[in-house]
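Listed in Swiss-Prot:
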- 921-931: compositional bias 'Polar residues' (COMPBIAS)
- 971-998: compositional bias 'Polar residues' (COMPBIAS)
- 1019-1031: compositional bias 'Polar residues' (COMPBIAS)
- Cys107-Cys117: disulfide bond (DISULFID)
- Cys135-Cys144: disulfide bond (DISULFID)
- Cys258-Cys369: disulfide bond (DISULFID)
- Cys283-Cys328: disulfide bond (DISULFID)
- Cys477-Cys506: disulfide bond (DISULFID)
- Cys515-Cys533: disulfide bond (DISULFID)
- Cys521-Cys568: disulfide bond (DISULFID)
- Cys525-Cys542: disulfide bond (DISULFID)
- Asn33: N-linked glycosylation site (CARBOHYD)
- Asn49: N-linked glycosylation site (CARBOHYD)
- Asn65: N-linked glycosylation site (CARBOHYD)
- Asn282: N-linked glycosylation site (CARBOHYD)
- Asn434: N-linked glycosylation site (CARBOHYD)
- Asn461: N-linked glycosylation site (CARBOHYD)
- 671-1031: topological domain 'Cytoplasmic' (TOPO_DOM)
- 650-670: transmembrane segment (TRANSMEM)
Amino acid sequence: MRPAALLLCLTLLHCAGAGFPEDSEPISISHGNYTKQYPVFVGHKPGRNTTQRHRLDIQMIMIMNRTLYVAARDHIYTVDIDTSHTEEIYCSKKLTWKSRQADVDTCRMKGKHKDECHNFIKVLLKKNDDTLFVCGTNAFNPSCRNYRVDTLETFGDEFSGMARCPYDAKHANIALFADGKLYSATVTDFLAIDAVIYRSLGDSPTLRTVKHDSKWLKEPYFVQAVDYGDYIYFFFREIAVEYNTMGKVVFPRVAQVCKNDMGGSQRVLEKQWTSFLKARLNCSVPGDSHFYFNILQAVTDVIRINGRDVVLATFSTPYNSIPGSAVCAYDMLDIANVFTGRFKEQKSPDSTWTPVPDERVPKPRPGCCAGSSSLEKYATSNEFPDDTLNFIKTHPLMDEAVPSIINRPWFLRTMVRYRLTKIAVDNAAGPYQNHTVVFLGSEKGIILKFLARIGSSGFLNGSLFLEEMNVYNPEKCSYDGVEDKRIMGMQLDRASGSLYVAFSTCVIKVPLGRCERHGKCKKTCIASRDPYCGWVRESGSCAHLSPLSRLTFEQDIERGNTDGLGDCHNSFVALNGHASSLYPSTTTSDSASRDGYESRGGMLDWNDLLEAPGSTDPLGAVSSHNHQDKKGVIRESYLKSNDQLVPVTLLAIAVILAFVMGAVFSGIIVYCVCDHRRKDVAVVQRKEKELTHSRRGSMSSVTKLSGLFGDTQSKDPKPEAILTPLMHNGKLATPSNTAKMLIKADQHHLDLTALPTPESTPTLQQKRKPNRGSREWERNQNIINACTKDMPPMGSPVIPTDLPLRASPSHIPSVVVLPITQQGYQHEYVDQPKMSEVVAQMALEDQAATLEYKTIKEHLSSKSPNHGVNLVENLDSLPPKVPQREASLGPPGTSLSQTGLSKRLEMQHSSSYGLEYKRSYPTNSLTRSHQTTTLKRNNTNSSNSSHLSRNQSFGRGDNPPPAPQRVDSIQVHSSQPSGQAVTVSRQPSLNAYNSLTRSGLKRTPSLKPDVPPKPSFAPLSTSMKPNDACT
């Protein structure tokens, strides 16, 4: 089954490949190293310095009266064509026509470059035997003149060249003199918007196409105009109006106008063509879906081939498509028959174009010339009825396309990187003038030479690719290092056997045949099948055959049969000091190439070299260097150049290998990328897992262990003894599990630099409902602070004794005591006391605080009975401005009750007893530590405890907050009617881990940010009896 499927695929591929014709190979190839010996014209006169050159900008060339006219920028050169092929070409005369300075200034004012503001000769025609008609752009102000042919002197007045010559040299134009009238096609405005087919001069009225009507002309590019019969035919390409829905589709067209057209009536088509019709040219490869060549490049004049009048045209693919060119032949009778067929119309702007029925076509038929045999009663076109004129105005397009001869291209060239743009035809080639040879010029400076074959039907049936020539001479034609290889025009002179090829910077004279290359080798001369070459018996060499030559010669154009002819060994002929030979008998010794050479009559084919084993690469043997064989004879290689094709098999193998290697490399790259991503994902997952485990044991707050509940000394201190988090896994510690949570720091070896700071602690909304035990402690502490008189020195190691610290389930101590060097600890920390000792110490402190409170009360009562009232009044008149902080002890999303925080109500005062308040912001924690430690050690049960002071939290600045602060207050009611409420503040502490070894007292890290909130005074919520105040 598989072999059958493979055979079917091969058959389909063969059929598909046979659908499109393959390019033929030339019999002979002439490279630039050989053609550089041809004469070149660069604008010099005989005897002038050839090193100095000026830019020519050649626009066109024309042969008239055995003289070659070269139309360039600001000049027209004349060259004598009756010279040999070995002589240099010089101009015999030079006509200079430069633009006036006023026109140049106007051109520059219009925004054009100075190189564009010249007079480019675009129209050069023979008006009659004595007059030369010339038109130029004249710095974007086209003008025309008449010159005498013999002297090139101007005569008559200069007149406007509008509608006869374009404004810009880049715009295409055509012009033709017929019966003394000038038929031109170009643009009529500066912006090249209005395209026109125009008739002027002569005794007939001036006519033009309808202005700005896309049905008549839509962005045309004019190529050629020919005079045939009663009509003038214009060949051009334009945007197809019938295919507007498909975008800008370009079609080749041919249009006709009658020579005797006098225009329409005063009502319809006045001073406009009444015979203008246009049709599409069809040049396509037939098949189920035709492959069209729509870009018309060049058209010949009407030539007669085998008794028929035809025109040959070159077409190409669009410039944004794959390169390809074709040559199609059209019979003039077929063109005339299309204009007698059906018309095409569009009934509405959105509808498609459809044929017009014959019954709707008015009489007389539009497009016919007045005064013809079918329209004898209409002497001129002015007499046509309005129906005919209106119909021709709205229906200029024909429905059918002009078919090419044999309904397919006569020649194809698709496997090259250039397009064919020019054409020249010799329809009387050979000594008997019975052959047709076509020369095609490309945009790369390459000339292709073909022989038209006549089939059994008596007409063109194909072509024979005779020769390929690279005629551009970079040494002489390049200007300022720029090589412009576009061929601007070609003119063939059969009498001199020359083809003049014009580039923008030079003109090269190329012989029609290279017969001297064959020398004395008869086999190669016959095998070349060139109508211009033949084997001359008298001289025993291959020579050029002029028309009607009387020399005895041998040719075989049809078959090129070389049977019975001997091989050509070491035969060469010298030309201009260079020896040449087509057959490399001594330089290529392989048998394969030799057999191929002999089978074609001595013509070398590069396929033989490719198939020959052990042969050298022909692509590398294209250099222009001559080489010398063993016998001293200089040979030259004429193999294909680097821009030729490679074998299909090699190309297929290269494509397959490239595909396989690309697939392998792509797989490797994809595997590496996937593996790298997989590793990255694994690393990220492992890091997230480790981070999750580390977060489970993260600390919400860390505090020092030593000196927490009373005893600041330890018998056996150990370093780095600190408390573990008081909040474990987001829950507050309770008395039942407090002992479990207090762990030695030496078991963890925590890094002190990693301890949390107030800035890095997330904030949560704090609940406002306080705990009852914490509220009582705050109230008692507030009373003690309010009743103090003096403050101890800043450096005193006395610490105030708080009211009894209650071990409530939600209570967190606000201060911890750390060992200091002044007490002899030598930077060591004490062990954590046991839970029972902590409870006992708390009880002792409670009793001491109660006794101290009673002592202060009695002391105040003995001094002033109304002291408490005054104190309350002072307190109410000047409440302390202490900021309220809000913080959290857990992760984001959780909230803690206010009772779970360590709170303290502080009152700040001055040395005057309870009358003024002053905020105190210690500059560092060491000062506060010394002060509080000393107060606690020395003044626990004495009356001096009235001087106890509550300082601000650690880590604050030296200055108080500038904005008013909100305070949490309680009310103190007096027994007097005028008693005032005392508002006291509760201030949390902020602690920074700056220097643990130097501080004797360390507060727990504050859980509230240091930002000044808005001021707020809470209402009185807790009442105190009068006897609770200081009396």
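Glycine too: its Cβ is placed from the backbone N, Cα and C atoms.
Not measured: the values here are computed from a predicted model.
Structural mapping of features recorded in Swiss-Prot.
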residue	record	contacts (Cβ under 8 Å, 6+ apart)
Asn65	N-linked glycosylation site	Val149
Cys107	disulfide bond	Ser99, Glu116, Cys117, Ala139, Phe140, Asn141
Cys258	disulfide bond	Asp230, Tyr231, Thr274, Ser275, Cys368, Cys369, Ala370, Ser381
Cys328	disulfide bond	Leu281, Cys283, Phe293, Leu312, Ala313, Phe315, Ser404, Ile405, Pro409, Trp410
Cys477	disulfide bond	Val40, Val42, Glu483, Asp484, Phe503, Thr505, Cys506, Ile508
Cys525	disulfide bond	Cys515, His518, Cys533, Gly534, Trp535, Cys542
Return one of helix, strand or coil for Cys144 (disulfide bond), based on DSSP.
strand
If you average pLDDT over the topological domain 'Cytoplasmic' (671-1031), what do you get?
48
Nearest of the recorded positions (Asn33, Cys135, Cys144, Asn434) to Asn282 (N-linked glycosylation site), judged by Cα-Cα distance:
Asn434
Please report how many Å separate the Cα atom of Cys135 (disulfide bond) from that of Cys568 (disulfide bond), as a whole number.
55
Hey, does DSSP put Cys521 (disulfide bond) in a helix, a strand, or just coil?
coil
Local Cβ density at Asn434 (N-linked glycosylation site) - other Cβ atoms counted within 10 Å:
13
Alpha-carbon distance [Cys568 (disulfide bond); Cys144 (disulfide bond)] in Å:
59
Could you measure between Cys568 (disulfide bond) and Asn434 (N-linked glycosylation site) for me? Cα positions, answer in whole angstrom.
30
Based on DSSP, name the secondary structure state of Cys328 (disulfide bond): helix, strand or coil.
strand
Coarse DSSP state, helix versus strand versus coil, of Cys533 (disulfide bond):
strand
Report, in whole Å, the straight Cα-to-Cα distance of Asn434 (N-linked glycosylation site) from Asn33 (N-linked glycosylation site).
32
Could you work out which of the disulfide-bonded residues (Cys135, Cys144, Cys542) has its C-beta surrounded by the smallest number of other C-beta atoms within 10 A?
Cys144
By the DSSP assignment reduced to helix, strand and coil, which category contains Cys477 (disulfide bond)?
helix
